[in-house]
């Protein structure tokens with residue numbers, strides 16, 4: 001951020017570093033505003049011309065937004081995992097239903113075969129030999 005008047009103070013910030021510097025091409029003004037803003041995670045107050053309360057509120061709001069983004073990402077990942085598990089369980093259920101139906105068919109066939117064997121061959125009792 002810079003002011004248009006020649007010889008006026010220049011404010012420079014580099015990225016999100018916690019350092020702010022005020023440089024001047026002429027003599028510094030007699031008095032600069034003494035308001036502070038916390039930048040970054042260092043918690044050091046910097047002379048930026050913004051009130052401390054507003055600065056802390058904006059930092060808190062920014063952290064809150066970041067936390068909300070992380071929370072939504074976790075929820076999205078959890079929901080996707082649950083949906084994946086539901087699909088797997090539905091597939092397993094269908095597989096088990098097919099297997100159950102197949103086994104019921106086999107039981108019916110074996111029961112019919114057993115009934116047919118009983119009708120075609122009379123029961124023979126084995127007599128024990130007496131001495």
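Glycine is no exception: its Cβ is also placed from the backbone N, Cα and C atoms.
Note that TrEMBL annotation is computational and uncurated.
Per TrEMBL, these features apply:
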REGION    22-77  region 'Disordered'
COMPBIAS  53-69  compositional bias 'Basic and acidic residues'
DOMAIN    54-110  domain 'BZIP'
REGION    111-131  region 'Disordered'
COMPBIAS  111-120  compositional bias 'Polar residues'
COMPBIAS  121-131  compositional bias 'Basic residues'
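Counting residues of the domain 'BZIP' (54-110) by DSSP class, helix then strand then coil, yields 57 helix, 0 strand, 0 coil.
Across the residues of the domain 'BZIP' (54-110), the predicted structure has a mean pLDDT of 97.
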